[in-house]
Amino acid sequence: MCVCVCVIAHACRHLWIRVWVQAGGCLSRRKGRALEVCGLKSAGSRACDCGPGLQGPQPTATMVGKGAKGMLNGAVPSEATKKDQNLKRGNWGNQIEFVLTSVGYAVGLGNVWRFPYLCYRNGGGAFMFPYFIMLIFCGIPLFFMELSFGQFASQGCLGVWRISPMFKGVGYGMMVVSTYIGIYYNVVICIAFYYFFSSMTHVLPWAYCNNPWNTPDCTGVLDASNLTNGSRPATLPSNLSHLLNHSLQRTSPSEEYWRRYVLKLSDDIGNFGEVRMPLLGCLGVSWVVVFLCLIRGVKSSGKVVYFTATFPYVVLTILFVRGVTLEGAFTGIMYYLTPQWDKILEAKVWGDAASQIFYSLGCAWGGLITMASYNKFHNNCYRDSIIISITNCATSVYAGFVIFSILGFMANHLGVDVSRVADHGPGLAFVAYPEALTLLPISPLWSLLFFFMLILLGLGTQFCLLETLVTAIVDEVGNEWILKKKTYVTLGVAVAGFLLGIPLTSQAGIYWLLLMDNYAASFSLVVISCIMCVSIMYIYGHRNYFQDIQMMLGFPPPLFFQICWRFVSPAIIFFILIFTVIQYQPITYNHYQYPGWAVAIGFLMALSSVICIPLYALFQLCRTDGDTLLQRLKNATKPSRDWGPALLEHRTGRYAPTIPASPEDGLEVQPLHPDKAQIPMVGSNGSSRLQDSRI
């Protein structure tokens with residue numbers, strides 16, 4: 001076989017080698033390497049991709065070791081053979097999958113059951129002004145920061161902290177938060193599954209008060225014309241408006257169905273009672289669905305989100321069209337939108353707006369970093385962050401119309417003010433709204449649609465929460481075995497989540513669910529996000545980070561984002577933290593006051609994620625080289641040697657390798673012809689030996 005070789009030496013310590021293989025090789029050029037030749041499959045090893053027309057029938061040389069993984073993705077930047085794919089970790093099938101997954105992650109249950117309530121409570125339409133101000137100055141900048149952070153390093157919430165190893169505890173804090181949320185979030189989904197299955201009947205079980213679980217205080221909203229023969233209690237008064245305005249004992253059939261049948265609610269958080277087997281079964285269904293959708297990681301979940309992220313908008317539109325055609329819907333919508341401008345001057349309104357933006361976008365959960373890590377390196381995450389953030393907030397506003405049109409109809413039917421039927425959280429999703437649906441013709445159909453929408457909204461977020469944990473574990477271990485066994489890691493995390501969620505299906509489960517919701521993901525998220533901003537902008541350095549983004553996107557972040565990242569967003573985050581502390585009130589559920597020991601557990605859950613940051617910082621300081629504390633501190637905060645783009649083809653500029661192969665690179669070159677030449681090479685195990693090659 002005839003092989004022609006052209007060797008070009010550069011005078012400034014950088015060696016350029018261009019190997020032309022006429023029969024069986026492919027073109028490869030690398031800066032700062034003694035030799036890198038690509039070929040076809042040989043001796044069970046993978047060769048890097050060759051461009052069309054450059055392949056031949058015989059292999060020439062094969063790169064093996066860690067460095068070869070980067071070679072799998074193309075030969076030379078700007079050449080036709082270049083590929084922007086990470087074959088080791090995988091990438092999204094296309095950019096639509098990433099956008100839909102991120103929309104499904106950001107748009108969750110809070111958009112439906114929290115934002116509309118906050119809006120009407122804080123001045124209606126006037127609340128929109130501080131809400132969108134916080135979106136522009138805090139929400140979108142933080143969203144862009146997390147997406148660019150994960151995409152640049154192609155690592156999960158742990159691996160990205162190669163940027164400053166001392167702050168890796170922030171990544172562990174994100175994992176703890178995602179664990180808490182993932183446990184109780186799937187319990188909410190399982191309750192939605194239960195209501196969905198219960199709606200498969202011709203009469204909704206929470207429509208009337210003639211069931212075994214109802215009490216004498218139960219009073220339905222349906223009048224005599226809507227009731228079937230014999231279904232109306234003999235004690236039901238004809239003047240429901242008078243009853244609702246003057247009777248303190250009135251309970252709705254939907255509330256009694258929720259408390260006395262679905263939950264069989266105990267009288268105290270410490271009284272677990274029995275495990276509700278129907279809920280336990282639905283919890284198993286929820287985790288099985290989540291696992292099956294993530295069985296192949298982003299490759300499978302990226303296909304599922306085409307449905308789970310888009311169909312909720314179809315359901316919202318159907319419910320909106322049906323809602324606005326009902327009598328009293330306009331009253332409900334006006335109650336939702338009518339501005340009370342005097343409330344803009346209240347600090348609480350601005351605090352609620354900032355908190356809602358921060359929590360609804362999923363900042364500091366680790367999910368945004370994880371999802372972006374599967375992007376291709378040059379993906380325009382700046383564009384994506386704006387699209388996803390605006391979509392999330394627009395969905396919240398749109399959901400408000402859907403919720404309040406139905407609640408306005410219900411208030412009109414009862415002859416009461418809309419505030420009497422408005423609620424938030426589980427009270428809206430499983431009590432107030434289901435009761436309003438009983439007033440509609442073909443009510444089981446509307447109930448099926450509503451709870452199916454809640455299931456899909458919850459699953460979109462749950463996918464990312466589970467993938468965050470799995471990706472962090474796999475990236476941290478990082479060997480070939482765990483990459484091949486990622487499905488088993490996903491299964492193990494899902495099983496653990498199911499087992500930890502069992503106590504939440506007991507008779508005291510709703511108390512624990514609300515405790516976790518109020519404490520596990522509250523001020524700890526604010527602290528984590530604040531430290532992340534400070535560590536990137538001031539420890540790693542804002543100029544370095546802006547250069548990284550320019551390398552990745554082709555342009556630096558706009559001046560507005562630079563100012564927000566350095567000054568505005570950290571100030572707003574600090575404001576949210578202060579506001580959260582000042583406005584703190586002990587948790588309650590309806591009229592139940594949580595005991596002190598339960599509140600203490602809540603604070604321990606909140607601290608368990610934050611405490612990871614100082615503990616890991618101390619651990620890193622102890623294991624870092626240095627004669628003095630200041631020297632150790634400097635070494636612990638500077639980027640590690642492997643910080644930067646994951647693929648060799650993207651490591652340009654200050655990340656470009658400028659020295660020959662080293663043990664850290666783990667490069668090996670297999671021989672072209674054993675009898676021609678011998679050159680010393682360094683293997684992935686660090687041992688030097690003679691290797692044969694032909695130059």
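Backbone N, Cα and C define each Cβ position, glycine as well.
What TrEMBL says about this protein:
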BINDING   Gly104, Ala106, Val107, Asn111, Ser360, Asn392, Leu457  Na(+) binding site
DISULFID  Cys209-Cys218  disulfide bond
TRANSMEM  98-116  transmembrane segment
TRANSMEM  128-149  transmembrane segment
TRANSMEM  170-197  transmembrane segment
TRANSMEM  277-298  transmembrane segment
TRANSMEM  310-337  transmembrane segment
TRANSMEM  357-374  transmembrane segment
TRANSMEM  386-411  transmembrane segment
TRANSMEM  445-466  transmembrane segment
TRANSMEM  487-513  transmembrane segment
TRANSMEM  519-539  transmembrane segment
TRANSMEM  559-582  transmembrane segment
TRANSMEM  594-619  transmembrane segment
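Of the Cβ pairs linking the transmembrane segment (98-116) with the transmembrane segment (487-513) and spaced 6 or more residues apart, fewer than 3 are under 8 Å, so the two regions do not touch. In this chain, the transmembrane segment (310-337) does not touch the transmembrane segment (357-374); fewer than three CB pairs sit within less than 8 A of each other, excluding pairs fewer than 6 residues apart. In sequence order, Val103, Tyr105, Gly108, Gly110, Thr395, Ser396, Gly460, Thr461 are the residues of the same chain, not among Gly104, Ala106, Val107, Asn111, Ser360, Asn392, Leu457, whose CB sits within 8 A of the CB centroid for the Na(+) site.
Below 8 angstroms of C-beta separation, residues 109, 156-161, 262, 278-279, 282-283, 285-287, 290, 364-367, 369, 426, 429-430, 434, 447-448, 451-452, 454-455, 458-459, 461-462, 465-466, 468-469, 472, 497, 500-501, 504-505, 509, 512-513, 516-517, 520-521, 524-525, 528, 531-532, 535, 605, 608-610, 612-613, 616 of the same chain, each at least six residues beyond the ends of the transmembrane segment (170-197), sit close to that stretch. Neighbour density around each Cβ, counted as other Cβ atoms within 10 Å, peaks among the recorded positions Cys218, Leu457 at Leu457. When Cβ distances are compared across the two stretches, the transmembrane segment (310-337) makes contact with the transmembrane segment (386-411), since 3 or more pairs at least 6 residues apart fall below 8 angstroms. Rounded to a whole number, the distance between the Cα atoms of Cys218 (disulfide bond) and Asn392 (Na(+) binding site) is 38 Å. Each residue contributes its Cα atom, and for Asn111 (Na(+) binding site) and Cys218 (disulfide bond) those atoms are 31 Å apart. A Cβ distance under 8 Å defines the sequence-distant neighbours of the transmembrane segment (386-411), meaning residues of its chain 6+ beyond its ends; these are 99, 102-103, 106-107, 111-112, 115-116, 119-120, 128, 131-132, 135, 139-140, 143-144, 221, 313, 316, 319-320, 323-324, 326-333, 335-337, 356-357, 360-361, 417-418, 420-422, 428, 432-433, 435-437, 439.
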